[in-house]
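Quick look at what TrEMBL annotates:
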- 70-181: domain '3-dehydroquinate synthase N-terminal' (DOMAIN)
- Gly108, Val109, Val110, Gly111, Asp112, Thr132, Thr133, Lys145, Lys154: NAD(+) binding site (BINDING)
- 184-337: domain '3-dehydroquinate synthase C-terminal' (DOMAIN)
- Glu187, His251, His269: Zn(2+) binding site (BINDING)
Amino acid sequence: MNARTIRVELAGRSYDIAIGPGLIDQAGALCRPLLAAPKVTIVSDETVAPLYGARLAASFDKAGIKASTVTVPAGETSKEFGAFGKLMNELLDQRPDRKTTLVALGGGVVGDLTGFAAAVLLRGVDFIQVPTTLLAQVDSSVGGKTGINTRHGKNLVGAFYQPRLVLADTEVLDTLPRRELLAGYAEVAKYGLIDDPDFFAWCETNGGAVLSGDAAKRTYAIEQSCLAKARIVAADERETTDLRALLNLGHTFGHALEAEIGFGGELLHGEAVGTGMAMAFDLSARLGLCPQADADRVRRHLGSVGLPMRLRAIGGDNRRKWEAARLIEHMRGDKKADGGKLTFILARGIGKAFVTREVDEAALRGLLDDALAA
Ligand SMILES: NC(=O)c1ccc[n+]([C@@H]2O[C@H](COP(=O)([O-])OP(=O)(O)OC[C@H]3O[C@@H](n4cnc5c(N)ncnc54)[C@H](O)[C@@H]3O)[C@@H](O)[C@H]2O)c1
Ligand SMILES: O=C(O)C(=O)C[C@@H](O)[C@H](O)[C@H](O)COP(=O)(O)O
Ligand SMILES: [Zn+2]
């Protein structure tokens, strides 16, 4: 197998992340030893299934594994209650038993949805992640956060439920639209901004090549991201200390933007996170916590690769919706909010992120007002 393997160490539930080209065609052989019985249901979306579903199914067939497939519409709307209920019934139509394994073939939407389905189907069946977006390969397929959105906010219903295996076939990224690659790249850069300034500097030099298809650099970015995420998840699986919360850098802002636009609207999660990280560094600088030069560097790099940096440039004619007070209301519904206290991941510099519940709301309001006017 021409792949690098990274282990996520969790007591009794450790698993591998395999990263490399052509893994979809080896999935049957790689998954077979982990299956309770030789039967899987592949969950994919209407864009990914036609591209890779048949190859994955053939690989299972070759390994003597019976595979059925259920597809959901592509995009964030599949992480809604209604779509989730429909998926559960379609899974039950396949007459699964507790030895059935679900296989998530797709981006973060399919992964989050399938993981949550696996957590509750027959009160829990195994699942395997086959992530097909950059975002899913560097972030969502790893760590066991599964769930769906509600009208109260992003990912507010879900479970921590770890996959048995993650198979990241790097070649599938060749069919991913650039905008989606870019959204995933925001979560790559996040790892540098959290605690690895050298990796952020590497991103500044190599981000363009990662996005334009340099296979070696793309693989390196995926490996470094998975190493960082695996280390954090192993130390704080359920976000019970503030360690895992660092992975939420940019998300207090980003989830509020997504909620305001409407899930499935024109703002992608990774785009919201990119804008949110720039805002988190701006707020850090404004509060005197972080050198302004570092905040400028973050905005410059993320903007230079093409991530939207100005709120007025996103949301199209939804611009009228951007109101600081409404964004702050969304932030109050964030899972990290503690007894009504807004929680942010701020930074003392690049690679020096920390969690705080002490942000002065007037400063936040000032930042949002200025961002909305810029
Ligand atoms: N669980 C976690 O830890 C975690 C982490 C980050 C993000 N997320 C969640 O992930 C979701 C976003 O995931 P995403 O950015 O992967 O979006 P996505 O799953 O919607 O995929 C993006 C689009 O790309 C298409 N696509 C996927 N793979 C493709 C391929 N190889 N070729 C061509 N098209 C392809 C999809 O059909 C979809 O239209 C959000 O809901 C976010 O909240 C979860
Ligand atoms: O894995 C984590 O932990 C993360 O925070 C990763 C984030 O990129 C991801 O968007 C996650 O879904 C956000 O989690 P949430 O708990 O804020 O819903
Ligand atoms: Zn995210």
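One is the number of the first residue shown, and numbering goes on along the chain from there.
Backbone N, Cα and C define each Cβ position, glycine as well.
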Secondary-structure category, per DSSP, in which His269 (Zn(2+) binding site) falls: helix
Other CB atoms within 10 A, centred on Gly108 (NAD(+) binding site): 26
Candidate nearest Val110 (NAD(+) binding site) in space, where candidates are the binding-site residues Glu187, His251, His269 and distance is Cα-Cα: His269
CB contacts for Lys154 (NAD(+) binding site) [other CB atoms within 10 A, all chains]: 23
Close-lying binding-site residues around ligand 2 among Gly108, Val110, Asp112, His251, where CB distance stays under 6 Å: His251
Helix, strand or coil at Lys154 (NAD(+) binding site) [DSSP, three-state]: strand
Residues of the domain '3-dehydroquinate synthase N-terminal' (70-181) by DSSP state, where helix covers H, G and I: 50 helix, 34 strand, 28 coil
Site extent for NAD(+) (largest Cα pair distance over Gly108, Val109, Val110, Gly111, Asp112, Thr132, Thr133, Lys145, Lys154, Å): 22
Inter-residue Cα distance where the pair is Glu187 (Zn(2+) binding site) and Lys154 (NAD(+) binding site), in Å: 17
His251 (Zn(2+) binding site) in three-state DSSP notation: helix
Distance, Asp112 (NAD(+) binding site) to His251 (Zn(2+) binding site) (CA atoms, angstrom): 16
Inter-residue Cα distance where the pair is Gly108 (NAD(+) binding site) and His269 (Zn(2+) binding site), in Å: 9
Within the predicted model, mean pLDDT of the domain '3-dehydroquinate synthase C-terminal' (184-337): 94
Distant-in-sequence Cβ neighbours of Asp112 (NAD(+) binding site), under 8 Å, six or more positions away: Lys79, Ser140, Lys145, Thr146, Gly147, Ile148, Asn155, Gly158
Listed in sequence order, residues with CB under 8 A of Thr133 (NAD(+) binding site) and six or more positions away: Gly106, Gly107, Gly108, Leu173, Leu176, Glu180, Ala183, Gly184
